[in-house]
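Read the structure below first, then the notes.
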Amino acid sequence: MSDSGTRRPEPQRDSGARGPAVDSGGAATDGAPGPAEVSAVVAGFDEVYGAEPAGVWAAPGRVNLIGEHTDISEGLVMPLALPHATLAAASPREDGVLRLHSADVPGGVVELRSDALAPESGAGWAAYPAGVLWAMREAGLAVGGAELHFTSTVPTGAGLSSSAALEVATASALNELYGLGLTTERIAQLAQRAENGFVGVPCGIMDQMASACCTAGHALYLDTRDLTHRHVPFDVAAQGLRLLVVDTRVKHELGDGAYANRRAACERGARALGVRALRDVPYALLNAALDKLADNPAVQRRVRHVVTENRRVEEVIALLDAGDTRAIGPVLTAGHVSLRDDYEVSCAELDLVVESANAAGALGARMTGGGFGGSAIVLVEEAAADPIATAINEAFAMAHARPPRIFPALPAAGSRRLLLR
């Protein structure tokens, strides 16, 4: 599950005016931070704190190729990191004070004491990085205060895991500033702990693992039960394809309860079926399992989504291993139907993306992320990318909706250090 709780206030990075059918992401290369972005975050740190930072770290956003809302049931997922990333310029402090500032969020420096951090304290966007420090201290790690300044090219509120990128960038910085020697998997676990235990969002671990562990040119095939994972080549350009991200730029505020209710339904279903988690329900026995849940149609639908979505992940990995990327398109679309009808987290705008893209000749499409707005992904032939993007824009215009933002998803590297002084 992704971007499924309290979010940072969304900076207005563009006007929504129409431009090219597919844009390049708006940073150095397709949204990726380059030397100019590193220099800017260093200069911003100096302006805010009056000194240069000890280093700069980056953590990317992500799209999920397949395996949506399965991580809360210990299931299978397959995300890939985006070039778009959050940058954290950081230095340690010896007095235990945590100072946080974002170039993308109005307001000044948020100052907190590391020994007085309290879960769900209403710190707004700053709760995410503060929660990382809290999680590290709760885990017994020797970490003190810090000064951090953030910039980001990850669109917020778009279902692309801007919150996980913020957490993982913070954790990566603190890991090196204090010589903790943490693995990327442990960084992801601490970032998830921050979001669950400090911010109060009941997310799974997929987003943090994607931001911390992905490699360029690959998707991450991840078992969220034990965090075993494999990097799967996903070079769509080499096969004459493109994977488009369509940010609807809408977010229907239904509250965190909508996600918590679905998680609770999955847990009720698992208890009723006598399994630890829904990933333990075999696909071959799904109909029998659903019969046992006949008295609760809503739980039935949630269970059916999780079990069939895990199956779809297995189908996609088999197709990718066989080199048949085009054939994953119908699987993506089937996943959207399940998210729309069984998990019930889609919305009119996401459905419009999928319907208009497929009608225009896309190989497949589906919503990605937490749902109720945000983004969809569309797999297309390279030559059809602009015509299909135009068809999506025209469909939104006919619906009198704000134009979506459309850009290519290029599988990028996970968290990394960009500068160390």
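Here the Cβ of each residue, glycine as well, is placed from N, Cα and C on the backbone.
In TrEMBL, the substrate site is described by GLU68, HIS69, THR70, ASP71, and among TYR221, TYR259 the residue recorded at this site is TYR259. In this structure the alpha carbons, written CA, of TYR259 (substrate binding site) and GLU195 (Mg(2+) binding site) are 14 Å apart. Counting every protein chain shown, the number of other Cβ atoms lying within 10 Å of the Cβ of ARG62 (site 'Transition state stabilizer') is 35. DSSP assigns ARG62 (site 'Transition state stabilizer') to a strand. For the domain 'GHMP kinase N-terminal' (128-213), the model gives a mean pLDDT of 96. Cβ-based crowding with a 10 Å cutoff singles out SER163 as the top-ranked of the binding-site residues THR70, SER163.
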